[in-house]
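Now, the feature entries from Swiss-Prot:
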- Y559, K562, F564, E566: 3',5'-cyclic GMP binding site (BINDING)
- G659, E660, C662, R669, T670, V673, R710: 3',5'-cyclic AMP binding site (BINDING)
- 26-36: compositional bias 'Acidic residues' (COMPBIAS)
- 105-117: compositional bias 'Gly residues' (COMPBIAS)
- 121-133: compositional bias 'Basic and acidic residues' (COMPBIAS)
- 163-174: compositional bias 'Pro residues' (COMPBIAS)
- 918-941: compositional bias 'Low complexity' (COMPBIAS)
- 966-986: compositional bias 'Low complexity' (COMPBIAS)
- 995-1004: compositional bias 'Pro residues' (COMPBIAS)
- 1005-1028: compositional bias 'Low complexity' (COMPBIAS)
- 1029-1042: compositional bias 'Pro residues' (COMPBIAS)
- 1045-1056: compositional bias 'Low complexity' (COMPBIAS)
- 1122-1137: compositional bias 'Gly residues' (COMPBIAS)
- N458: N-linked glycosylation site (CARBOHYD)
- 465-486: intramembrane segment (INTRAMEM)
- 1-182: region 'Disordered' (REGION)
- 209-260: region 'Involved in subunit assembly' (REGION)
- 836-856: region 'Disordered' (REGION)
- 870-897: region 'Disordered' (REGION)
- 918-1203: region 'Disordered' (REGION)
- 287-293: topological domain 'Extracellular' (TOPO_DOM)
- 360-378: topological domain 'Extracellular' (TOPO_DOM)
- 437-464: topological domain 'Extracellular' (TOPO_DOM)
- 487-491: topological domain 'Extracellular' (TOPO_DOM)
- 264-286: transmembrane segment (TRANSMEM)
- 294-314: transmembrane segment (TRANSMEM)
- 337-359: transmembrane segment (TRANSMEM)
- 379-399: transmembrane segment (TRANSMEM)
- 414-436: transmembrane segment (TRANSMEM)
- 492-517: transmembrane segment (TRANSMEM)
Amino acid sequence: MDKLPPSMRKRLYSLPQQVGAKAWIMDEEEDAEEEGAGGRQDPSRRSIRLRPLPSPSPSAAAGGTESRSSALGAADSEGPARGAGKSSTNGDCRRFRGSLASLGSRGGGSGGTGSGSSHGHLHDSAEERRLIAEGDASPGEDRTPPGLAAEPERPGASAQPAASPPPPQQPPQPASASCEQPSVDTAIKVEGGAAAGDQILPEAEVRLGQAGFMQRQFGAMLQPGVNKFSLRMFGSQKAVEREQERVKSAGFWIIHPYSDFRFYWDLTMLLLMVGNLIIIPVGITFFKDENTTPWIVFNVVSDTFFLIDLVLNFRTGIVVEDNTEIILDPQRIKMKYLKSWFMVDFISSIPVDYIFLIVETRIDSEVYKTARALRIVRFTKILSLLRLLRLSRLIRYIHQWEEIFHMTYDLASAVVRIVNLIGMMLLLCHWDGCLQFLVPMLQDFPDDCWVSINNMVNNSWGKQYSYALFKAMSHMLCIGYGRQAPVGMSDVWLTMLSMIVGATCYAMFIGHATALIQSLDSSRRQYQEKYKQVEQYMSFHKLPPDTRQRIHDYYEHRYQGKMFDEESILGELSEPLREEIINFNCRKLVASMPLFANADPNFVTSMLTKLRFEVFQPGDYIIREGTIGKKMYFIQHGVVSVLTKGNKETKLADGSYFGEICLLTRGRRTASVRADTYCRLYSLSVDNFNEVLEEYPMMRRAFETVALDRLDRIGKKNSILLHKVQHDLNSGVFNYQENEIIQQIVQHDREMAHCAHRVQAAASATPTPTPVIWTPLIQAPLQAAAATTSVAIALTHHPRLPAAIFRPPPGSGLGNLGAGQTPRHLKRLQSLIPSALGSASPASSPSQVDTPSSSSFHIQQLAGFSAPAGLSPLLPSSSSSPPPGACGSPSAPTPSAGVAATTIAGFGHFHKALGGSLSSSDSPLLTPLQPGARSPQAAQPSPAPPGARGGLGLPEHFLPPPPSSRSPSSSPGQLGQPPGELSLGLATGPLSTPETPPRQPEPPSLVAGASGGASPVGFTPRGGLSPPGHSPGPPRTFPSAPPRASGSHGSLLLPPASSPPPPQVPQRRGTPPLTPGRLTQDLKLISASQPALPQDGAQTLRRASPHSSGESMAAFPLFPRAGGGSGGSGSSGGLGPPGRPYGAIPGQHVTLPRKTSSGSLPPPLSLFGARATSSGGPPLTAGPQREPGARPEPVRSKLPSNL
């Protein structure tokens, strides 16, 4: 109903009441509490309560109809009075309540009995105690006329009011304590009252409505509004509403100092005071005629406003600085104002000069007037100067406005003070300039005054004011005396006064300006002061220059030129605000850390609130191995190295963390951590670490799993962590989703470690000086052409070349074994290198080295074998786990298989024996060269060639048993081979180009013969060195080591005995297959530099040995065979002479077109047993087999003279 317009509410209130019930507008709270507190009624909290009326007495039922009609008339007369004050836009819902005395007894007329009268009297007394008159009017409003609000008589009431004496009147209820005089409205109904009420209804409604609206609007201007300034001063909207109630209850015309009316009035007085303080000195000093109309009007208007302000100050509340409560009591306001600034304001507001002139003009004596005329004028000017005392009022108002601007617009208080000080200095300079001219004028311009000396007596007032102002500012700024030094005594004293005032103002200005400048960048000033103390400390202790420089760099990186007391600042904030700030400051850390990305947000917040920021310089040891750990660290920015004894260092970069292992195990540090760059870290103490993990057990399990994985990567174990993790796994504490999250965190940690290794290898690897022939193929076609000639292969085995050429690069070979290698295996594998290099026999002459086919080199390159450092980007990555079929499970060969290879039964045992899983090292340059599919024959077991065991010097339990041979063409020497050597075969996918016709399925003999391969380069054979004229024996394959996680690759110039490889080429998901265009392009690049093979080599290719029909045509033994066995017996188990391409199918000859003339050959690789088609030309075919024991013809290569 409160949302209805006032006219409709008045109509609803004037409706006739029901007989059995009556509607009452009441507050939900108790009326007595509301009135006692003087509180404001909230219209939205009102509700309608229906109170049942007592049934009329039987004796009073006779006159029910008449009383009902009179009640309706009284209700009509009551409506306007009640509705006049219901619509209050200002919330002014004040009430004055009272009680009505009944005008007649409840008994019936002449027929009423005494008992009936007594019964009616009781009900009438209960009715009288009800609240009837609820007028909503302010204390200043007129009371409701009695004739307008008459209580409707109850049904059955008697028409003769004088039949019985009226009952005693209800005593008036006390109104609010803040009201001056409580009142009681008593409405008396007389005969004809309803008619009188009907006659005055329209006029009273209009008059009361207009008066109430104006009073409410004006009253709202005297109360504090709900704005930004009031909310900051009082704290909340409820407090502002309570202050509004205090203003209404304080009395009539009490003005709140924060009200809108006082705000605009102060603004008007401020402008008027500034005008007076500027215009009045100029008018008094430079204008002699002060009786002009504009001057009089200006003074009268100004004085009138100041007198009104003087009166309003007695009704305006006073703000006490030491107390939050504002004084609103009129008596206290009056006493406090009289004791403070009343006298000064009164004197500055009274027109004393005009009063003096009026008094003086009443004297009729002409002589007196003539004698006193000049003195009267002078005295009047002096009295006019009393208006300048309004400066005190200006200062008070400016001070209030400083608070308003500071609270409302957040302006710096120092800036406001500077502006006020500048304005005050300019005003004092203005007054001083007027004073410099006023004093000589009051003395009638003596000859020694500066005005007479400069002949400025009769000049215009503008020129006089300009020179006077110049003279005054020269004195106040202490820069001179103006045009000339003072001569007369009055000028001397005025000059001294100006100097004193000016020096004081100048000192105040310098002080405020200095404070303002310092407050603009206090954090930088604090940093500079702190660093000055540090410099004095370093000088006092005579620290060396390098230490001083490190301290200087630390301060620059740690504080970056600004210093804050961050702990104190965050400690003063609330908990939600502090968490929000910390989350914002650590947003980069959270974004770069997978641990936080997969964790609960509450865990992240709890962890971040306990972090402490630290900075470390390059070379600082953050933690040391063997010490007791008290902190763990999170890397926000920087690179650190994890150093362990006997293992290669590990790099950690942005988003990683370390130092958690000893916090979990409560032990000592398992590794040292050194900062490589400037590192910005966040540390977490052990107490806070355990406190957070107690609330989040899943994150404790994640920390333990990652710590166990990290220990495994550096070759260490911790039984406590292992027991905890296994216990959690067995107990099933965590569900599947939580386990998946933990596994994701562990996987992210591994990937970040691998990324750090790749970054380290790319940033810190320095290439060793090697011949141009070892330069990678991708750098220059000419270098690639030189690297693929037969000279490159011959240089590999030349005995007179320096050993530095064949030394493995820093990032490859045995020097960079992965974390999985233990020191025991490392020493054992390193012991094989000197003997292998020392016993290797070179080729008889470079001319005896044949040029192998391009297919063999591509196969070996794509198979994932080790390569020199220059070829490391081109090598495929190996999987972190052994691929399917690594354990030697046989599978049926398919006709479409391109190459048949051998695998090792029981390779998984050999893999585990070497310790640790193989980590992958990806290279972006490698993905186009990886084969698109694995050959199904890769997992097919095949017999080991003769002499395939015993050459590596490995323990017998590491080597698998030789599988049974399925090749019908295997020689008897192959069956009787001595055990002890290892044969490994790798398979690649078919490498064919669009020019290559489809191949037919291979016979079983070819599958069995594919087990042959090249022996490890540099390994010592069992027998002696055989001359190169012996027929080649069954070659041995080359066990290649996969790339490590650190990015290192094995060298082809040293035997890579670091670890066994998986027996087939692993393929990563999403890797595109090798495109034939890449091979064709390589062929076209080299074809110009090497146009054709030597003719002798072409002739030799047409010859084939019967015993070599089962061998792969891509197998090239590079060393002379040991022993003097001939033919294909292979009983000696040694290495054969420099090999030639042999046909894979008997009865066919091998042809090499010109396009395949070693053009696309990579740098020399160790040769393996494999077979592939020729890229860029027709398939290679085998020539007729040569007789057993026939000596192969030596092939002399035609090399350019520059090589």
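Even glycines carry a Cβ here, placed using N, Cα and C.
The separation of R710 (3',5'-cyclic AMP binding site) from N458 (N-linked glycosylation site), Cα to Cα, is 100 Å.
If you look at the transmembrane segment (264-286), the same-chain residues 6 or more away from its ends with a CB under 8 A from one of its CBs are 295, 298, 302, 305-306, 309, 312, 381, 384-385, 387-388, 390-391, 393-394, 397-398, 400-401, 427, 430-431, 434-435, 437-438, 441, 461, 464-465. Note: the Cα of V673 (3',5'-cyclic AMP binding site) and the Cα of E566 (3',5'-cyclic GMP binding site) are spaced 28 Å from each other. Other than the site residues Y559, K562, F564, E566, same-chain residues with C-beta atoms no more than 8 angstroms from the centre of those residues' C-beta atoms, the 3',5'-cyclic GMP site, are S523, Y527, Q560, M563, D565.
Residues within less than 8 Å, Cβ to Cβ, of G659 (3',5'-cyclic AMP binding site) and separated from it by at least 6 positions along the same chain comprise I622, I623, G629, K631, M632, Y633, R669, V673.
For the transmembrane segment (492-517), the list of distant contacts is 412, 414-415, 417-418, 421-422, 424-425, 428, 432, 435-436, 439, 472-473, 475-478, 481, 486: same-chain residues at least six beyond its ends, Cβ to Cβ under 8 Å. Summary: among the binding-site residues (Y559, F564), the fewest other C-beta atoms within 10 A of the C-beta are counted at F564.
On its own chain, E566 (3',5'-cyclic GMP binding site) has no residue at least 6 apart in sequence with a Cβ closer than 8 Å to its own Cβ. Taking Cβ-Cβ distances under 8 Å and a sequence gap of 6 or more within the same chain, the neighbours of T670 (3',5'-cyclic AMP binding site) are E625, T644, I661, C662, L711, I714, K716, N718. Nonlocal intrachain contacts for the topological domain 'Extracellular' (437-464), taken as residues 6+ away from its ends with a CB within less than 8 angstroms of a stretch CB, comprise 281-282, 284-287, 378, 381, 471, 482-484, 486-488, 490-491, 494. Tertiary neighbourhood of the transmembrane segment (379-399): same-chain residues 266, 269-270, 273-274, 276-277, 280-281, 284, 290, 302, 306, 309, 341, 344-345, 347-349, 352-353, 356-357, 420, 431, 438, 442, selected by CB-CB distance under 8 Å and a gap of 6+ residues from either end. The Cβ of R710 (3',5'-cyclic AMP binding site) has I661, D749 as same-chain neighbours under 8 Å, each 6 or more residues away in sequence. Cα-Cα distance from F564 (3',5'-cyclic GMP binding site) to E660 (3',5'-cyclic AMP binding site): 30 Å (rounded to the nearest whole number).
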